[in-house]
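K.L.:
Here's a structure for you.
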């Protein structure tokens, strides 16, 4: 990304403009969400409550996209395949009637070999379609969906013996369209422990304060940034405690702590892996295939590894998603996974070649805020809830198209500037 | 014998040989399962004509260098608009059909122009961008269908707001081309009008491709650098190709609708682009090169596969929708196969 830096340095006077330009999607969404929240007329408590459920449900899937982006493969539209792997494991576990957290852990374990295999095959294919990874992974998702339907509609009951009236259609062939997970892994992860939101914020802030202090003591120096962060967290702690006293209604909003912890673990993993040799290889491959190859990195292998990791995480992400939802739509649950996750990531300000954890989280919050408020806002503003529904679908597709377009456009401009230099 | 076989397979390529073989096997099975083969043949002919122009829309796109035009839903939306306006004007019969076509062409031309400008800005990522442009156009028009001020009772829901999801053409121009001059050979029904319309469209595109503008466009698609060196305005040629592709998409959906008997609004046209892409790829086109013959062969093979597979599959497995699953696997499998060749070509 050296070129990008030099170009940026040259245009220092218009830095603010560039900052706006780079984050235009996110800024637009903040405005859209504010408008939506205002006109939906829904109480804040309801929105926050929904939002927390959705963040814990979806952010794992969004985070699973980051590693391939860093490895220069663009957005992995193929996480649908990971989601399928998760669902295959889930159906098996439901069949064996293993419920609760044991069922969840077992399906998570089962997901791994399936997703590794799928990811490996995806990686192989994407190595054959270098430069077109995104469209190839998207079409691959559609293709895999056909094979998935073949498996569950025709092979179950004929080639694969399965005698389970709860799961199999009355004719004895094929899995039912919707599977109720309420006797199985529904809320397996979410319901382990739930705490009121403000308590969680207080504890998380205190942990962060201790961490910053610890780091500061270790380096024997507190920088300006540290002090600013410390004061922010202190204000948050005080504000939360005060809010707890004034507005007892906040105690009603509960956070599924374990789910959030799992998501945090994934964030830590993502940070950690970038510091290892493998992470450096990802970065090197992401910046320049050719240079990476010359410096002795097995480019193809690294690319396959990044897709495998992404696929496995997507499988787990789908499990988290489904345990919260409580019903598995056998032939539909996975279809939109990729699109929604990618839209969320892009809304957070990520691009095809750059994505961070904070972008993923911010994007998830913004995207789902819009999801919660848009039907009601559409009804209040335009007199039809249906318009709001279609609007959010349009937004999801539109934002992906816009981001991909902007990215390609920037690349073209960069190429031209390079020629001039 | 083996030599000629090998020659033929080499010319057709692995994918096409497999599909042709599969089609022949299906036909044989159909005979054994006592499915009336003449019915299947008539259906295949109808569906070839019905989908043909949508597939034809891929040709200018591929030749001008924007690759497989996954953004064809843009054209489809323009066609739907033209069709609805024609119903709104209370026309019937041939005039209804041709007015629909005539109205939709300028709309599609304008839309195609801006779409072309956009695609010029995103060179190198056209396929990805166009896919999402198509998706967002369809979802934007979902809002459009809810608020457009049409007043004809055939178009609007009797109660509530917005347009119907499917609009019947039975009193307008349902099967008007199919039935024009149609005749029977044995028990096979030949939809003459439909086929003539398809072939005329092919001919027009062929003539265009051999005109000066068409040849310039092909040069641009073949080798943009060489085209610049010979003083061709690359961006302009690409815009012309995109416009033509969008216009053909619009005409294509009207032809499709008259044969199908319905206009389908809202989400229905979302995935139509993929079927058209798959059809031309089956015919032998690649992301860089396409011919009219690829369109005709591809549409025939793909639609033949679908029509013949359906009753055969239903005879073998009574449960579920195997042919639909087979369509998904074949359609996306063939697109994937073509995408792996994109890199191989470079």
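Heads up, the Cβ atoms here are built off N, Cα and C, so glycines get one too.
Note that the structure is a prediction, hence the values are computed from the model and not measured.
Just lifted these from TrEMBL, have a look:
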TRANSMEM  A:20-39  transmembrane segment
TRANSMEM  A:60-93  transmembrane segment
TRANSMEM  A:99-122  transmembrane segment
TRANSMEM  A:134-160  transmembrane segment
TRANSMEM  A:195-214  transmembrane segment
TRANSMEM  A:226-246  transmembrane segment
TRANSMEM  A:252-273  transmembrane segment
TRANSMEM  A:304-325  transmembrane segment
TRANSMEM  A:337-353  transmembrane segment
TRANSMEM  A:360-378  transmembrane segment
TRANSMEM  A:390-409  transmembrane segment
K.L.:
Taking contact to mean 3 or more CB pairs closer than 8 A (sequence separation of 6 or more), are the transmembrane segment (A:304-325) and the transmembrane segment (A:60-93) in contact?
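P.N.:
Answer yes, regions in contact.
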K.L.:
Please determine whether the transmembrane segment (A:20-39) and the transmembrane segment (A:252-273) are in contact (criterion: at least three Cβ-Cβ distances under 8 Å, sequence separation 6 or more).
P.N.:
no
K.L.:
Is it the case that the transmembrane segment (A:195-214) and the transmembrane segment (A:390-409) touch, counting contact as three or more CB pairs under 8 Å in which the residues of each pair are 6 or more positions apart?
P.N.:
no
K.L.:
Among the recorded stretches A:226-246, A:252-273, A:337-353, A:390-409, which has the greatest number of Cβ pairs closer than 8 Å to the transmembrane segment (A:60-93)?
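P.N.:
Maximum Cβ contact count belongs to A:337-353.
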